[in-house]
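One structure below.
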Amino acid sequence: MQKSTPPEDLSRLTLLGREAKPSRKLETFPNRHPDRDYIVTMETAEFTCVCPMTGQPDFADLHISYIPDASILESKSLKLYLWSYRNEGIFHEHVTNVILEDVVAALSPRWCKVTANFGVRGGISITVEAEYKKPGWSKP
């Protein structure tokens, strides 16, 4: 087994190593261990969007976990993707599900879960969990 990342894995990446702006484009690279079920978790404590009613900022700890199939999510593209929501007026429940849908569309993972823990607003915190399981796949 090759121990370093082969150059062909880098050929599809257009954002990594370059100055960039917010983007809704999620990039991937090949999973070199498709025969194994393993969990990848990406987390940020800096996710922001805005309330569509008040325009006030909403802050969340965001966790994206998935079991890859053929592809792995490239982290800079995820950072720029999440940044694109900074000024987006969108409800917590909706944005969590949209992020799940976009990650699933980019990766076609075996399993994926997005958890968003939003900060307290009006004395109430909101946690949204959205989950996807590839048809026919069952967790071992």
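Even glycines carry a Cβ here, placed using N, Cα and C.
Annotation comment: Swiss-Prot describes Cys51 as active site, thioimide intermediate. In this view, Cys51 (active site, thioimide intermediate) is surrounded by 14 other Cβ atoms within 10 Å of its Cβ, with every protein chain counted.
In the three-state DSSP scheme, Asp58 (active site, proton donor) is classed as strand. The annotation active site, proton donor is assigned in Swiss-Prot to Asp58 on the grounds of sequence analysis.
The feature substrate binding site is assigned by Swiss-Prot to Leu73, Glu74, Ser75, His92, Glu93. Using a 10 Å radius centred on the Cβ of Glu74 (substrate binding site) and all shown protein chains, the other Cβ atoms total 21.
In sequence order, Thr48, Cys49, Val50, Cys51, His92, Phe118, Gly119, Arg121 make up the list of same-chain residues 6 or more apart from Asp58 (active site, proton donor) whose Cβ falls under 8 Å from its Cβ. Looking only at other Cβ atoms within 10 Å, the busiest spot among the binding-site residues Leu73, Glu93 turns out to be Leu73.
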